[in-house]
Amino acid sequence: MIYRLLWYFFIYSFLGWCGEVCFAAARLRKFVNRGFLNGPICPIYGVGMTVVALVLGPVQDHLVLLFICSVLLTSALEWLTGFVLEHLFHQRWWNYNDRPLNLGGYICLEFSLLWGVACLVVMKVIHPLTAELVSLIPHGVGVVLLTLFMVVLVVDVSATVAAMVGLHQRLRQLDELAARIHAASDELGLNISDRMISSTERFQDLRDDFAIRTADLREDLAGRAADLREDLTERAAGLREDLAELRAKQEKLLSARPFGQRRLLKAFPTMTSSRYAAALSELRRRLAVRSRKNDKTDKKVS
(Lines of atoms letter the chains of each structure in order from A and count residues from 1; the text may use other names and numbers.)
(Lines give C-alpha, C1' and ligand atoms only; values in the text may rest on other atoms or scores of the structure.)
Protein backbone atom coordinates (compact mmCIF):
# COMPACT_ATOMS: atom_id res chain seq x y z
CA MET A 1 0.00 0.00 0.00
CA ILE A 2 2.74 2.50 0.99
CA TYR A 3 4.68 1.54 -2.13
CA ARG A 4 1.75 2.41 -4.38
CA LEU A 5 0.90 5.60 -2.46
CA LEU A 6 4.47 6.85 -2.83
CA TRP A 7 4.30 6.26 -6.55
CA TYR A 8 0.99 8.11 -6.74
CA PHE A 9 2.53 10.99 -4.80
CA PHE A 10 5.47 11.41 -7.18
CA ILE A 11 3.43 10.90 -10.34
CA TYR A 12 0.74 13.41 -9.38
CA SER A 13 3.34 15.84 -8.06
CA PHE A 14 4.98 15.78 -11.49
CA LEU A 15 1.67 16.09 -13.35
CA GLY A 16 0.69 19.00 -11.10
CA TRP A 17 3.99 20.69 -11.86
CA CYS A 18 3.37 20.22 -15.58
CA GLY A 19 -0.06 21.79 -15.19
CA GLU A 20 1.34 24.80 -13.33
CA VAL A 21 4.07 25.30 -15.94
CA CYS A 22 1.55 25.13 -18.79
CA PHE A 23 -0.75 27.58 -17.01
CA ALA A 24 2.11 30.03 -16.45
CA ALA A 25 3.38 29.64 -20.02
CA ALA A 26 -0.08 30.40 -21.41
CA ARG A 27 -0.29 33.61 -19.37
CA LEU A 28 3.32 34.83 -19.50
CA ARG A 29 4.43 33.40 -22.85
CA LYS A 30 7.57 31.98 -21.29
CA PHE A 31 8.73 29.13 -19.07
CA VAL A 32 8.52 29.70 -15.32
CA ASN A 33 9.22 26.97 -12.78
CA ARG A 34 6.04 27.41 -10.76
CA GLY A 35 6.84 24.60 -8.37
CA PHE A 36 7.43 25.22 -4.69
CA LEU A 37 10.57 23.10 -4.99
CA ASN A 38 13.44 23.37 -7.45
CA GLY A 39 12.71 20.04 -9.11
CA PRO A 40 9.81 19.26 -11.48
CA ILE A 41 7.29 18.40 -8.78
CA CYS A 42 4.57 20.20 -6.82
CA PRO A 43 4.11 18.23 -3.58
CA ILE A 44 0.75 19.82 -2.80
CA TYR A 45 -0.69 18.17 -5.93
CA GLY A 46 0.91 14.86 -5.04
CA VAL A 47 -0.45 14.93 -1.50
CA GLY A 48 -3.86 16.18 -2.62
CA MET A 49 -4.45 13.59 -5.32
CA THR A 50 -3.03 10.76 -3.23
CA VAL A 51 -5.41 11.66 -0.40
CA VAL A 52 -8.31 11.94 -2.85
CA ALA A 53 -7.49 8.54 -4.39
CA LEU A 54 -7.12 6.94 -0.96
CA VAL A 55 -10.13 8.49 0.77
CA LEU A 56 -12.59 8.92 -2.09
CA GLY A 57 -11.96 5.65 -3.92
CA PRO A 58 -15.09 4.07 -2.38
CA VAL A 59 -17.33 6.87 -3.78
CA GLN A 60 -15.73 7.28 -7.22
CA ASP A 61 -18.83 5.86 -8.92
CA HIS A 62 -21.03 8.58 -7.36
CA LEU A 63 -20.06 11.65 -9.36
CA VAL A 64 -21.92 14.27 -7.31
CA LEU A 65 -20.61 12.94 -4.01
CA LEU A 66 -17.12 12.56 -5.48
CA PHE A 67 -17.19 16.15 -6.72
CA ILE A 68 -18.38 17.60 -3.41
CA CYS A 69 -15.88 15.61 -1.36
CA SER A 70 -13.08 16.52 -3.77
CA VAL A 71 -13.88 20.22 -3.42
CA LEU A 72 -13.88 19.96 0.37
CA LEU A 73 -10.69 17.89 0.61
CA THR A 74 -8.59 19.91 -1.82
CA SER A 75 -9.82 23.21 -0.39
CA ALA A 76 -8.94 22.10 3.13
CA LEU A 77 -5.47 21.05 1.98
CA GLU A 78 -4.86 24.33 0.11
CA TRP A 79 -6.08 26.42 3.06
CA LEU A 80 -3.97 24.47 5.56
CA THR A 81 -0.85 24.69 3.38
CA GLY A 82 -1.22 28.43 2.83
CA PHE A 83 -1.94 29.07 6.52
CA VAL A 84 1.06 27.05 7.73
CA LEU A 85 3.48 28.59 5.22
CA GLU A 86 2.42 32.12 6.10
CA HIS A 87 2.75 31.59 9.83
CA LEU A 88 6.09 29.81 9.48
CA PHE A 89 7.75 32.29 7.12
CA HIS A 90 5.49 35.37 7.46
CA GLN A 91 4.95 35.33 3.70
CA ARG A 92 1.81 34.53 1.77
CA TRP A 93 2.74 32.46 -1.28
CA TRP A 94 -0.58 32.88 -3.09
CA ASN A 95 -3.43 35.26 -2.47
CA TYR A 96 -7.05 35.03 -3.60
CA ASN A 97 -8.19 38.22 -1.87
CA ASP A 98 -8.94 39.77 -5.26
CA ARG A 99 -11.34 36.94 -6.13
CA PRO A 100 -14.94 36.67 -4.91
CA LEU A 101 -15.98 34.27 -2.17
CA ASN A 102 -12.49 33.67 -0.80
CA LEU A 103 -11.62 32.47 2.68
CA GLY A 104 -8.79 34.53 4.14
CA GLY A 105 -7.20 34.75 0.70
CA TYR A 106 -6.02 31.14 1.03
CA ILE A 107 -8.83 29.56 -0.99
CA CYS A 108 -11.66 30.81 -3.19
CA LEU A 109 -14.78 29.27 -4.67
CA GLU A 110 -13.54 29.57 -8.26
CA PHE A 111 -10.43 27.46 -7.73
CA SER A 112 -12.13 25.10 -5.28
CA LEU A 113 -14.65 24.21 -7.97
CA LEU A 114 -11.81 23.88 -10.48
CA TRP A 115 -10.03 21.41 -8.16
CA GLY A 116 -13.28 19.48 -7.87
CA VAL A 117 -13.59 19.15 -11.65
CA ALA A 118 -9.90 18.22 -11.92
CA CYS A 119 -10.36 15.48 -9.33
CA LEU A 120 -13.29 14.06 -11.30
CA VAL A 121 -11.14 13.88 -14.42
CA VAL A 122 -8.25 12.34 -12.51
CA MET A 123 -10.36 9.74 -10.70
CA LYS A 124 -12.35 8.68 -13.76
CA VAL A 125 -9.64 8.92 -16.45
CA ILE A 126 -6.09 9.45 -15.19
CA HIS A 127 -5.98 7.44 -11.96
CA PRO A 128 -6.90 4.08 -13.55
CA LEU A 129 -4.04 4.60 -16.02
CA THR A 130 -1.71 5.64 -13.19
CA ALA A 131 -2.59 2.55 -11.17
CA GLU A 132 -1.97 0.36 -14.22
CA LEU A 133 1.37 2.08 -14.86
CA VAL A 134 2.51 1.49 -11.28
CA SER A 135 1.55 -2.18 -11.61
CA LEU A 136 3.79 -2.52 -14.66
CA ILE A 137 6.91 -1.34 -12.80
CA PRO A 138 8.94 -4.28 -11.43
CA HIS A 139 8.81 -4.08 -7.65
CA GLY A 140 12.59 -4.15 -7.18
CA VAL A 141 13.14 -1.42 -9.75
CA GLY A 142 10.29 0.57 -8.24
CA VAL A 143 11.83 0.44 -4.76
CA VAL A 144 15.19 1.63 -6.09
CA LEU A 145 13.58 4.47 -8.02
CA LEU A 146 11.43 5.53 -5.08
CA THR A 147 14.48 5.55 -2.81
CA LEU A 148 16.31 7.76 -5.30
CA PHE A 149 13.31 10.07 -5.64
CA MET A 150 12.99 10.34 -1.85
CA VAL A 151 16.66 11.27 -1.44
CA VAL A 152 16.38 13.93 -4.15
CA LEU A 153 13.16 15.20 -2.56
CA VAL A 154 14.77 15.56 0.86
CA VAL A 155 17.70 17.46 -0.64
CA ASP A 156 15.35 19.68 -2.64
CA VAL A 157 13.14 20.42 0.36
CA SER A 158 16.20 21.29 2.44
CA ALA A 159 17.49 23.66 -0.24
CA THR A 160 14.08 25.28 -0.65
CA VAL A 161 13.59 25.77 3.08
CA ALA A 162 17.07 27.30 3.27
CA ALA A 163 16.12 29.68 0.43
CA MET A 164 12.88 30.61 2.19
CA VAL A 165 14.68 31.29 5.47
CA GLY A 166 17.33 33.27 3.59
CA LEU A 167 14.67 35.33 1.83
CA HIS A 168 12.96 36.07 5.14
CA GLN A 169 16.26 37.17 6.71
CA ARG A 170 17.09 39.28 3.66
CA LEU A 171 13.73 41.06 3.84
CA ARG A 172 14.22 41.64 7.56
CA GLN A 173 17.66 43.16 6.97
CA LEU A 174 16.33 45.38 4.18
CA ASP A 175 13.49 46.53 6.40
CA GLU A 176 15.89 47.35 9.24
CA LEU A 177 18.24 49.22 6.89
CA ALA A 178 15.34 51.22 5.45
CA ALA A 179 14.30 52.23 8.97
CA ARG A 180 17.86 53.23 9.87
CA ILE A 181 18.27 55.22 6.65
CA HIS A 182 15.01 57.02 7.34
CA ALA A 183 16.08 57.76 10.91
CA ALA A 184 19.52 58.99 9.80
CA SER A 185 17.97 61.24 7.15
CA ASP A 186 15.59 62.70 9.72
CA GLU A 187 18.45 63.21 12.16
CA LEU A 188 20.52 64.99 9.52
CA GLY A 189 17.65 67.30 8.64
CA LEU A 190 16.77 67.99 12.27
CA ASN A 191 20.41 68.56 13.16
CA ILE A 192 20.84 71.13 10.42
CA SER A 193 17.58 72.91 11.20
CA ASP A 194 18.19 72.89 14.97
CA ARG A 195 21.68 74.24 14.50
CA MET A 196 20.45 76.97 12.20
CA ILE A 197 17.69 77.96 14.63
CA SER A 198 20.14 77.92 17.53
CA SER A 199 22.63 79.96 15.53
CA THR A 200 19.98 82.50 14.58
CA GLU A 201 18.85 82.86 18.19
CA ARG A 202 22.41 83.26 19.43
CA PHE A 203 23.24 85.83 16.77
CA GLN A 204 20.07 87.72 17.62
CA ASP A 205 21.03 87.81 21.28
CA LEU A 206 24.50 88.98 20.35
CA ARG A 207 23.12 91.70 18.10
CA ASP A 208 20.85 92.88 20.90
CA ASP A 209 23.89 93.34 23.10
CA PHE A 210 26.02 94.64 20.27
CA ALA A 211 25.11 98.27 20.81
CA ILE A 212 26.15 98.02 24.45
CA ARG A 213 29.39 96.09 24.11
CA THR A 214 30.35 96.55 20.49
CA ALA A 215 34.09 96.17 20.75
CA ASP A 216 34.08 93.18 23.10
CA LEU A 217 31.40 91.23 21.29
CA ARG A 218 32.65 91.63 17.74
CA GLU A 219 35.43 89.11 18.30
CA ASP A 220 33.15 86.79 20.30
CA LEU A 221 30.56 86.90 17.53
CA ALA A 222 33.06 85.91 14.88
CA GLY A 223 34.45 83.08 17.04
CA ARG A 224 31.03 81.65 17.83
CA ALA A 225 29.99 81.76 14.21
CA ALA A 226 33.13 79.89 13.18
CA ASP A 227 32.65 77.27 15.92
CA LEU A 228 29.03 76.74 14.93
CA ARG A 229 29.90 76.35 11.26
CA GLU A 230 32.64 73.86 12.07
CA ASP A 231 30.44 71.87 14.44
CA LEU A 232 27.58 71.80 11.95
CA THR A 233 29.88 70.78 9.10
CA GLU A 234 31.45 67.95 11.10
CA ARG A 235 28.10 66.66 12.32
CA ALA A 236 26.57 66.76 8.84
CA ALA A 237 29.62 65.04 7.35
CA GLY A 238 29.38 62.24 9.92
CA LEU A 239 25.69 61.72 9.25
CA ARG A 240 26.28 61.71 5.49
CA GLU A 241 28.95 59.04 5.93
CA ASP A 242 26.54 56.95 7.99
CA LEU A 243 23.87 57.38 5.32
CA ALA A 244 26.26 56.41 2.54
CA GLU A 245 27.32 53.29 4.44
CA LEU A 246 23.72 52.26 5.10
CA ARG A 247 22.73 52.82 1.47
CA ALA A 248 25.71 50.78 0.29
CA LYS A 249 24.60 47.88 2.50
CA GLN A 250 21.05 48.25 1.20
CA GLU A 251 22.23 48.23 -2.41
CA LYS A 252 24.34 45.13 -1.78
CA LEU A 253 21.34 43.27 -0.38
CA LEU A 254 19.09 44.39 -3.22
CA SER A 255 21.66 43.48 -5.87
CA ALA A 256 22.36 39.99 -4.49
CA ARG A 257 20.94 37.23 -6.70
CA PRO A 258 20.72 33.93 -4.78
CA PHE A 259 19.25 31.39 -7.18
CA GLY A 260 16.79 29.85 -4.73
CA GLN A 261 15.35 33.18 -3.61
CA ARG A 262 15.15 34.51 -7.16
CA ARG A 263 13.32 31.38 -8.30
CA LEU A 264 10.80 31.61 -5.46
CA LEU A 265 10.03 35.24 -6.31
CA LYS A 266 9.44 34.29 -9.95
CA ALA A 267 7.45 31.17 -9.11
CA PHE A 268 5.08 33.03 -6.78
CA PRO A 269 4.42 36.45 -8.35
CA THR A 270 1.53 37.16 -5.96
CA MET A 271 3.51 36.32 -2.82
CA THR A 272 3.14 38.95 -0.10
CA SER A 273 4.87 39.56 3.23
CA SER A 274 2.91 40.45 6.34
CA ARG A 275 5.96 42.08 7.94
CA TYR A 276 8.21 43.35 5.17
CA ALA A 277 5.89 44.43 2.37
CA ALA A 278 8.00 47.43 1.28
CA ALA A 279 11.23 45.40 1.15
CA LEU A 280 9.54 42.63 -0.86
CA SER A 281 8.09 45.19 -3.26
CA GLU A 282 11.54 46.69 -3.89
CA LEU A 283 13.05 43.24 -4.46
CA ARG A 284 10.33 42.48 -7.00
CA ARG A 285 10.94 45.82 -8.73
CA ARG A 286 14.66 45.05 -9.05
CA LEU A 287 13.89 41.56 -10.33
CA ALA A 288 11.50 42.97 -12.95
CA VAL A 289 14.11 45.49 -14.13
CA ARG A 290 16.74 42.75 -14.51
CA SER A 291 14.25 40.51 -16.30
CA ARG A 292 13.43 43.25 -18.83
CA LYS A 293 17.13 43.87 -19.42
CA ASN A 294 17.75 40.16 -19.95
CA ASP A 295 14.82 39.93 -22.38
CA LYS A 296 16.21 42.84 -24.41
CA THR A 297 19.66 41.23 -24.44
CA ASP A 298 18.22 37.90 -25.59
CA LYS A 299 16.30 39.62 -28.41
CA LYS A 300 19.45 41.40 -29.59
CA VAL A 301 21.43 38.15 -29.57
CA SER A 302 18.73 36.30 -31.48
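Count begins at 1; order follows the chain as displayed.
Here the Cβ of each residue, glycine as well, is placed from N, Cα and C on the backbone.
Summarising the annotation, TrEMBL assigns transmembrane segment to 6-28 (among others).
Annotated transmembrane segment per TrEMBL: 35-57 (among others), in sequence order.
The transmembrane segment annotation in TrEMBL covers 63-89 (among others). Using a Cβ-Cβ cut-off under 8 Å and counting only residues 6 or more beyond its ends in the same chain, the transmembrane segment (63-89) has close neighbours at 44, 47-48, 51-52, 55-56, 103-107, 111-113, 115-117, 119-120, 123, 164-165, 167-168, 274.
Among the features that TrEMBL reports, transmembrane segment is placed at 101-123 (among others).
Annotated transmembrane segment per TrEMBL: 143-167 (among others), in sequence order.
Positions annotated as coiled coil by TrEMBL: 229-256.
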Dominant neighbour of the transmembrane segment (143-167) in 6-28, 35-57, 101-123, by Cβ pairs under 8 Å: 35-57
Cβ-Cβ under 8 Å with the transmembrane segment (35-57): same-chain residues at least 6 beyond its ends: 5, 8-20, 66, 69-70, 73-74, 77-78, 81, 93, 115, 119, 122-123, 127, 152-153, 156-157, 159-160, 260, 263, 267
